[in-house]
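According to TrEMBL:
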type    : residues        : note
BINDING : H84, D95, H191  : Zn(2+) 1 binding site
BINDING : D95, E130, H381 : Zn(2+) 2 binding site
DOMAIN  : 211-311         : domain 'Peptidase M20 dimerisation'
Amino acid sequence: MKKVEERINFRRLKNTIDKSAEIGEIPGNGLKRLALSDEDKEMRDLFKSWMEETGLSVRIDDFGNMYGRREGKRDLAPVLIGSHLDTQPRGGRFDGILGVLTALEVVRTLNDYHIETARPIEIINFTNEEGARFEPPMMASGGLAGIFEKEFVYSRVDRTGKSFEDELKRIGYDGLQENRIKDFFAFLELHIEQGPVLESENISIGGVEGIQGMNWREITVTGEADHAGPTPMHLRKDALAAASKMMSVIEETAIKYGVTATVGRLSVTPDVANCVPGEVVFSLDVRHMDNDLRMKTLEKMIDEMEKVALERNVSFEVENLWDSETTLFNEKLRNLIMETAEKYGYTSKSIPSGAGHDAKYMNELGPTAMIFLPSVNGKSHDVSELTLDEDIEKGANVLFGVIKRLANDEMKL
């Protein structure tokens, strides 16, 4: 197979990544750049200047999504590339960020080679993908796809009571609804795997099959708050003891049925050392590619938690926060990713995504695909998150090759 000669400028891309890593930097080589925070604004402002310097026309929509457009030779639907620049509270330098910055490098490289494309190309930075500040995650891409109403998105509040709408306006990124992407030929998102598969198998490029479905629930366990000293053990209605048993049941059920289940957030009331907990609220995240299996397992978990509540003489409520079914990406695009990797001499394989991404909702609007890069030790959503330079360079080259072909209107989807 003929090898390709055109490649991205990795030194430039590396410098761009390093500059990004200075904004919101925290100890351990990580980042804290929550959506619509001051750090997010600083990064957005810098990214906007980079896009303008690259010759892109920049616009902002009413969800705060940022677009940078490179015109094509013909009046055709654009090819979209991008991801997100916000992070977890103790996040890494690569999650989402690589997808946005490699998109910029693709356009810079097209400019380097004076390549004009038939189709326009648009870079996009999605707002609040992480959901770490405003829940649920992927709200802005979900808004574009009609999954979330604008009123719902704007009404979300963080833990301090600040709303999405107010913070969007505060940082100056409340754009116009007319600026939303309306039509596109294909959407590509490059991302770190956030799991151990590619690294463990020594594979450079993952062509993502789809995103497994997930369900978020909030569980409230209500007992009775009492003094820790005078209240005998057998007369207690300890909400935390009951919740702890429920979490064990969740883990056991997940293992039994082969799904992943996570309790990632927990709050205790009154949260003092010498008081029996009267109320506990915790989150539940359940994921699997098989929608039926996942839902049946979730129902089993809830049944088992109800048994615990009866045994412990407490009450519990389950609030449905978010449901997301399994997404399957465009097969032609995935094959193109694998073919392009082969042309560059890189190893590749098809792989499912265990995490949610903006590509999930963009798939509702048009042909979509993702490129995965290896995560060292499978780590992500942590300051220890790492993807090696050589893998970043390979991924950026593959993205460049794929976008060049799509933007030159060389295939039908």
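Placement of Cβ uses the backbone N, Cα and C atoms for every residue, glycine included.
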Around the Zn(2+) 2 site recorded as D95, E130, H381, what other same-chain residues have a C-beta within 8 angstroms of the site's C-beta center?
T87, Q88, G91, G92, G96, A132, Q194, S380
Residues of the domain 'Peptidase M20 dimerisation' (211-311) by DSSP state, where helix covers H, G and I:
43 helix, 32 strand, 26 coil
Hey, how far is H381 (Zn(2+) 2 binding site) from H191 (Zn(2+) 1 binding site), Cα to Cα, in Å?
13
Taking the centroid of the Cβ atoms of H84, D95, H191 (Zn(2+) 1 site), which other same-chain residues have Cβ within 8 Å of it?
S83, F94, G96, I97, L98, G99, E129, E189, I192, H357
For the domain 'Peptidase M20 dimerisation' (211-311), the mean pLDDT of the predicted model:
97
Within 10 Å of the Cβ of H381 (Zn(2+) 2 binding site), how many other Cβ atoms can be counted across all chains shown?
19
For a quick check of understanding: among the binding-site residues D95, E130, which residue's Cβ has the most other Cβ atoms within 10 Å?
D95
Distance between E130 (Zn(2+) 2 binding site) and H191 (Zn(2+) 1 binding site) at the Cα atoms, whole Å?
13
Show which residues of the chain containing H191 (Zn(2+) 1 binding site), separated from it by at least 6 in sequence, have their CB under 8 Å from its CB.
S83, D95, G96, L98, G99, H357, M370, I371, F372, L373
Check each residue in the chain of H84 (Zn(2+) 1 binding site) that is at least six apart in sequence and keep those whose C-beta is under 8 Å from its C-beta; list them in sequence order.
G96, I97, G99, V100, N125, F126, T127, N128, E129, E130, D358
